[in-house]
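These features come from TrEMBL:
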BINDING   Asn10, Glu388  Mg(2+) binding site
BINDING   Lys17, His212, Leu213, Gly214, Asn215, Gly216, Asp286, Met287, Arg288, Gly334, Val335, Gly336, Glu337, Asn338  ATP binding site
BINDING   Arg95  substrate binding site
ACT_SITE  Asp152  active site, proton donor/acceptor
SITE      His184  site 'Transition state stabilizer'
SITE      Arg245  site 'Transition state stabilizer'
Amino acid sequence: MTATRVLVLNSGSSSVKYQLLDMRDSSRLAVGLVERIGEETSRLKHTPLTGGGATSREREEPIADHEAALKAVAEELATDGLGLDSPELAAIGHRVVHGGLKFTEPTVITDEVLAEIQRLVPVAPLHNPANITGIRTAQVLRPDLPQVAVFDTAFHTTMPESAARYAMDVKTADEHRVRRYGFHGTSHAYVSREMAKLLDKAPEDVNVIVLHLGNGASASAVRGGQCVDTSMGLTPLEGLVMGTRSGDMDPAVIFHLARVGGMSIDEIDVLLNKKSGLIGLCGDNDMREIRRRIDEGDKEAALAFDIYVHRLKKYIGAYYAVLGRVDAIAFTAGVGENAAPVREAAVAGLEELGLAVDGELNSVRSDEARLISPEYARVAVAVVPTDEELEIATQTFALVRDRNA
Ligand code: AMP
């Protein structure tokens, strides 16, 4: 029997998201989430998708650690006849947030690879440790199976030095690996390719600006399938206004808050990562709630929206200039796929750049990739739903299939 299934694991510090896919037709066999690992109130939500109508099962019981979480997931999958001991399972694909400069491609995990992911912990202290725990746990469960790391940073390693380096002392930067790495890479890779498909062109023939607008948000400039610039930097804090992150600001704000505001570095870290962006500006980070408040005349919400869109527009302009010629702009992720007012406002007034949005097309709700620009517009504007799990599974399967070929 040929093994065609891939389990995708996205391990956070207290959560594990997973999907089991069959790569013969890229279909999902099961999806699920374990939350609040290590707390009394842990929860596992599992949805098998094989038997027609999807019925979720939930378990609410203390799940002590990632190993217990994966064991519980394995039990749920086994209940549906999809056990991890199945010979049909080809590999486990792990989302790994930071791959530094070394990992430019998906990589089969060996002890050396794991050690390198560990060495990158100082530049990704929130993410890489959880990813490592997920990998180690999965290795215990199926030591014989290839485990593949798919890095959020990999797609951005093609950025030229002019875009990747900060203008600071080179020696200090290199000593501490300070440079722009970029994140959401699997999404930017997937969406830029899907955008080319939508235009019926090869990825090599199109220049695309991808706007991944979720709770975290980033923009990228993709020339002929290769990333040439992206808005996130050393960490996912740089760039666009996000749900809870500030995005770009004068770095001296940090000195000011420390010296004049008496705040500690850790307090400022939490402020800029968790209490800024939309939530800092208006108390809400969900674009649905912000739009509802705007409709009721809420001025604070309206200003937060304007600041969000202003920054977005600046990046569209900047990446237009970086690319020189733009064929398409692709909106994706929670806000990008669902918030028509954000899309409309982001390109409003940019007709001189060949950019426009058709009001009617923009208001259509659909899960499909679709154009929203009028026929006459020089640049295609589109909504392209992202699918990071499918991209991780596809990259993982391509790697293990090639190895077995
Ligand atoms: P993500 O990180 O891609 O899952 O995106 C989550 C964010 O998408 C939420 O915080 C909301 O701001 C936004 N979002 C999700 N659904 C909608 C919707 N129907 N309309 C507007 N924004 C939405």
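Placed from the backbone N, Cα and C atoms, the Cβ positions cover glycine too.
Features per TrEMBL, on structure.
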residue: Lys17; record: ATP binding site; CB count, 10 Å: 17
residue: Asp152; record: active site, proton donor/acceptor; CB count, 10 Å: 25
residue: Leu213; record: ATP binding site; CB count, 10 Å: 27
residue: Asn215; record: ATP binding site; CB count, 10 Å: 17
residue: Arg245; record: site 'Transition state stabilizer'; CB count, 10 Å: 26
residue: Asp286; record: ATP binding site; CB count, 10 Å: 14
residue: Arg288; record: ATP binding site; CB count, 10 Å: 12
residue: Val335; record: ATP binding site; CB count, 10 Å: 26
residue: Glu337; record: ATP binding site; CB count, 10 Å: 20
residue: Glu388; record: Mg(2+) binding site; CB count, 10 Å: 23
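In the structure shown, across all protein chains, His184 is the one of the recorded positions Arg95, His184 with the greatest number of other Cβ atoms within 10 Å. With a cut-off of under 6 Å between the Cβ and any atom of ligand 1, the binding-site residues Arg95, Asn215, Val335, Glu337, Glu388 reduce to Asn215, Val335.
Here nothing among the recorded positions Asn10, Asp152, Leu213, Asp286, Glu337 falls inside 10 Å of the CA of Arg245 (site 'Transition state stabilizer'). Its own atom aside, the Cβ of Asn10 (Mg(2+) binding site) has 22 Cβ atoms within 10 angstroms in the protein chains shown. For the ATP site, whose annotated binding residues are Lys17, His212, Leu213, Gly214, Asn215, Gly216, Asp286, Met287, Arg288, Gly334, Val335, Gly336, Glu337, Asn338, the maximal Cα to Cα separation is 24 Å.
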